[in-house]
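Written out below as structure tokens is the structure these notes cover.
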Amino acid sequence: MGPEAGPGRARRSLRWLPLALLVGVSLAALLTGAARLVSLDALLASRAWLHAFVGADYVRALVAAYLVYVGAVVISVPATLMLTMVCGFLFGIVTGALVSVAAATTGAAIVFSIGRGPGADLLDRVAGPRLGALAEGFRRDAFGYIAFLRLLPLFPFWMTNLGPAAFGVPLRTFVAATFLGLLPGAFVYAATGAGIDEVVAAHEAAQAVCQAASDLGCDEALTLRALVTPKMVLGLGALAGFALLSVLLRRLLARRQLAAEAERSRKVQPGDTTEG
């Protein structure tokens, strides 16, 4: 037993190594301020260069954008919204949205795969009856829950990648729900990015009029909050609500079906007698 326990423990420890490396790189990116490299100010300052880069080699720009996006998701840089806007700015609404969703899904699948082994080990060690029931319920309706969390990102992206991994959700379900759940928001934010030149022009014109009329209150910079309107968030929230509603309806129908089957079995039992 002793010789077998040693290699088994070593293998379990090695399963944690990729996740530990990923956490280390993510912390380094966070501490060095990597997210500031992907900001609205950076996009506005680099518009001419980005247009020239895409014009010089469209395919290379497409591949570069995809790889940068995947890397940002893998190391959990909190800049997916801005990256989607950048893709929309570079490639237009449809291509920008599809590249963003493909890259985000790829990055999420990588993190999911890295965290699946360690997450399962951790869940086995600490899971009580409540946590075990929670994991079972999440697995049963994983597609709806993951789609809801993608449509309405209440939790950090890395958490919604590692949580389903720990709960034992199949990779195929995770990828499909992630792709479809991210799609509506990607089109919204890519459309915002595709229209950034018009937004900047309108903002600069308004600033010029304001400065001509008065010197007060005309120095406001264009912010991300001004681009992502409450109507956008409410629209995505409504879609997320439908995703969660589908889970609730499915559970309700399942309970009614079980109750009906139990009722039928009770009616059959009294008549199910044999003559001696």
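Just so you know, glycine gets a Cβ as well, placed from its N, Cα and C.
Owing to the predicted nature of the structure, the values given are computational and were not obtained by experimental measurement.
TrEMBL annotations:
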TRANSMEM  16-38  transmembrane segment
TRANSMEM  58-77  transmembrane segment
DOMAIN    80-194  domain 'VTT'
TRANSMEM  89-114  transmembrane segment
TRANSMEM  142-159  transmembrane segment
TRANSMEM  171-191  transmembrane segment
TRANSMEM  232-249  transmembrane segment
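Counting residue by residue with DSSP, the domain 'VTT' (80-194) contains 102 helix, 0 strand, 13 coil. Mean pLDDT for the domain 'VTT' (80-194) in the predicted structure: 87.
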